[in-house]
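S.K.: Handing you this structure, nothing more for now.
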Amino acid sequence: MIPSQSNSFSGSVITLYFFLLGSLVLRTLASSRLHYCRHDQRDALLEFKHEFPVSESKPSPSLSSWNKTSDCCFWEGVTCDDESGEVVSLDLSYVLLNNSLKPTSGLFKLQQLQNLTLSDCHLYGEVTSSLGNLSRLTHLDLSSNQLTGEVLASVSKLNQLRDLLLSENSFSGNIPTSFTNLTKLSSLDISSNQFTLENFSFILPNLTSLSSLNVASNHFKSTLPSDMSGLHNLKYFDVRENSFVGTFPTSLFTIPSLQIVYLEGNQFMGPIKFGNISSSSRLWDLNLADNKFDGPIPEYISEIHSLIVLDLSHNNLVGPIPTSISKLVNLQHLSLSNNTLEGEVPGCLWGLMTVTLSHNSFNSFGKSSSGALDGESMQELDLGSNSLGGPFPHWICKQRFLKYLDLSNNLFNGSIPPCLKNSTYWLKGLVLRNNSFSGFLPDVFVNASMLLSLDVSYNRLEGKLPKSLINCTGMELLNVGSNIIKDTFPSWLVSLPSLRVLILRSNAFYGSLYYDHISFGFQHLRLIDISQNGFSGTLSPLYFSNWREMVTSVLEENGSNIGTEDWYMGEKGPEFSHSNSMTMIYKGVETDFLRIPYFFRAIDFSGNRFFGNIPESVGLLKELRLLNLSGNSFTSNIPQSLANLTNLETLDLSRNQLSGHIPRDLGSLSFLSTMNFSHNLLEGPVPLGTQFQSQHCSTFMDNLRLYGLEKICGKAHAPSSTPLESEEFSEPEEQVINWIAAAIAYGPGVFCGLVIGHIFFTAHKHEWFMEKFHRNKRRVVTTSAR
């Protein structure tokens, strides 16, 4: 009885098993048939593909799978509905489409599309109104293209949208009132466009589903809504770099879900008032920088315990830092620079990761807790441009992971302590400029291989440069100007592979610059200022023959000159981005460069005791913008090769003993706006170029045999010419480049030098040579511009 029942039960189980298995197979087969892409969908996608000029030899990887022989539901970037087989998602981000979207595009035949992502596709032109026909879209991403026009009217029809991403294009126009139809919108990013808006208060309160809002870098000139508490899902709020006005948006901070707020770069004003901020606030990143907020830092800010990043810089805040800031136990990054804050710097700040308090009126340091001085946290400390005084703060020596230290423009005195060696291993920037530090620059750089920038200028340092600087293999800028350092020229710095800026001006350096055992000079130097020292001797004709960085243009380094006018030395990107600064004589005036332009090339040897000829090899430095050799004892003729310096803006050869003529070809240098040839022994005619004829008379004064100055100085001050002088002016140019040929031969070989020398024995070949030499010296620079 029992065995019979057991067999019956087993049979039932087996039957049920095969029934379920069969059902699953049938369902799978049926489902697989439905997965097939519909023909109309495939044809629409292929039509869309053919609208873009994709090379047959190099088809786009993402579109290479798109062909008639395969199921379009398995094409890359395509997703179909499981049941209907219709395309519901198209993601072609980073595919180089290189065209515009046509009104009749096959794309707009995909009526069931829910997700359309065409970011970074090199799309351009206006977006057609046909976009509004894709009524089922919930996600639209056209970011990072070159699209133009007024797109928002069409987008406003897409009332199912949850994500709208249009950032980094050139869209324009006002946000239409119909935009309020997008009530399901959760993420809105229209940043970095040219949208306008004068009444944000009408639009924003209706978008109650928003969790992320980014309208940064547009042309909005509105106030914020007085009541934003209805945006109860909001986490991210970014209105940076617009022209928003009004008072502090108190209601915004009553939203419990809020995590990130960026109000930077607007025209908000008045005191900072948080109101009844939620006790459960999740706000961790608050940026109110670059506005017109005034009054004190509110004590109530200490109640936002979740804060990690706080930036109140570039406002009109006054008074001390509230002691209650110590309650912000999660705070890691604090920037209060460029305000009118004063008093004591709280010691609790030394436990943070980055502290920026520059350009205020702080005058003392508060007591620090032992935990704040453990040396494990701080990476960046900027106390520049305050009223801090006394000896070097020794507690800084305990900060073992410092990457950037700026104590510039304060009242510190005494010596720089040797214990600073403890903080140099990770150090990338050390700025002690414009204090009253005295004594020797300590030998603390043995382990400072990461140091990019050292500026100790405008102090009272003496002695010699520490030889441990030779270990700073990443050094780009060394500025010891305006001290009383007495040493010979640090020729050993030639071995630093990245040194671009060397400033030794206004010290007591002495001796020669030229050493026989150093054959190739500073290959990467872009700017050198050794003015107002005691250097002496002659400069070899080959002295500048291998200063390659002054020969190579930014265009050749990077393959493109896009944006190079906005690049500055020292700006390295997110890991380290601190601009280098300097002071030097520019266009006859002592000028403070808060940032050093990336393209700037300059040589200032003025105010020394050099004599002999100016090296002809200076004519190789075709990227040079400034050349100042004034106040020396150079003799003989002005090199004809200077006419090759087509980017030269400033030339000062005054107060030497130069003779002969001013080279006629200098008159063709169109950028040469500032020049000085005064107090020499020059003769002959002044070149006729526009830049020469627009100079002040003092540019040529005390050269008694110069003539052609009637338009510049007036007839009463213009000496007359003689036929003899006119004949002397037609001197042969083949003397000019013998030294250049020798310089080239000196490096690559005698044969190259002889060939180039032969070329330059033919008159008027300078530009041809520079073009060829320039091309042969082309380098690829892998470091990013900053």
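Heads up, the Cβ atoms here are built off N, Cα and C, so glycines get one too.
Residues annotated as N-linked glycosylation site in Swiss-Prot, with sequence analysis given as evidence: Asn98, Asn199, Asn206, Asn276, Asn413, Asn422, Asn434, Asn471, Asn558, Asn628, Asn644, Asn676 (among others). Per Swiss-Prot, the feature repeat 'LRR 2' maps to 134-158; the stated evidence is sequence analysis. Sequence annotations record features per position, and here Swiss-Prot assigns repeat 'LRR 3' to 159-181. According to Swiss-Prot, the feature repeat 'LRR 11' maps to 354-375. Marked as repeat 'LRR 12' by Swiss-Prot on the basis of sequence analysis: 376-399. The repeat 'LRR 16' feature in Swiss-Prot is assigned to 474-496. Feature annotation from Swiss-Prot assigns repeat 'LRR 18' to 526-546. Positions annotated as repeat 'LRR 20' by Swiss-Prot, on the basis of sequence analysis: 622-645. Residues or ranges marked as repeat 'LRR 22' by Swiss-Prot: 671-694.
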S.K.: Which whole-number value in Å describes the distance between the Cα atoms of Asn276 (N-linked glycosylation site) and Asn206 (N-linked glycosylation site)?
M.R.: 23
S.K.: Average the pLDDT scores across the repeat 'LRR 18' (526-546) and report the rounded value.
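M.R.: Average per-residue pLDDT within the repeat 'LRR 18' (526-546): 93.
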S.K.: Fewest other C-beta atoms within 10 angstroms of its own C-beta: which of the glycosylation sites Asn98, Asn199, Asn276, Asn434 fits that?
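M.R.: Among the glycosylation sites Asn98, Asn199, Asn276, Asn434, the sparsest Cβ neighbourhood within 10 Å belongs to Asn276.
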S.K.: Give the three-state DSSP assignment (helix, strand or coil) for Asn276 (N-linked glycosylation site).
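M.R.: Assignment for Asn276 (N-linked glycosylation site) reads coil.
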S.K.: Taking a Cβ cut-off under 8 Å, which residues six or more beyond the ends of the repeat 'LRR 20' (622-645) line up next to it in the same chain?
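M.R.: For the repeat 'LRR 20' (622-645), the nonlocal Cβ contacts are 531, 549-553, 585-586, 599-616, 651-663, 665-666, 668-669, 671, 676, 682, 733, 736-737, 740, 766-767, 769-770, 774.
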S.K.: By DSSP, what is the split of the repeat 'LRR 22' (671-694) into helix, strand and coil residues?
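M.R.: Residue counts for the repeat 'LRR 22' (671-694) by secondary structure: 4 helix, 8 strand, 12 coil.
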S.K.: If you count the other Cβ atoms within 10 Å of each Cβ, which of the glycosylation sites Asn206, Asn644, Asn676 comes out on top?
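M.R.: Answer by Cβ density within 10 Å: Asn644.
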S.K.: Can you work out which residues elsewhere in the same chain, 6+ from the ends of the repeat 'LRR 2' (134-158), have a Cβ less than 8 Å from its Cβ atoms?
M.R.: 93, 108, 110-128, 164-173, 175-176, 178-179, 181-182, 184, 189, 195
S.K.: Taking a Cβ cut-off under 8 Å, which residues six or more beyond the ends of the repeat 'LRR 18' (526-546) line up next to it in the same chain?
M.R.: 481, 489, 500-514, 520, 569, 582, 584-585, 596, 600-618, 620-621, 628, 739-740, 742-744, 746-747
S.K.: Of all the glycosylation sites given, namely Asn98, Asn199, Asn413, Asn422, Asn628, which is spatially nearest to Asn434 (N-linked glycosylation site) at the Cα level?
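M.R.: When the Cα distances are compared, Asn413 comes out closest.
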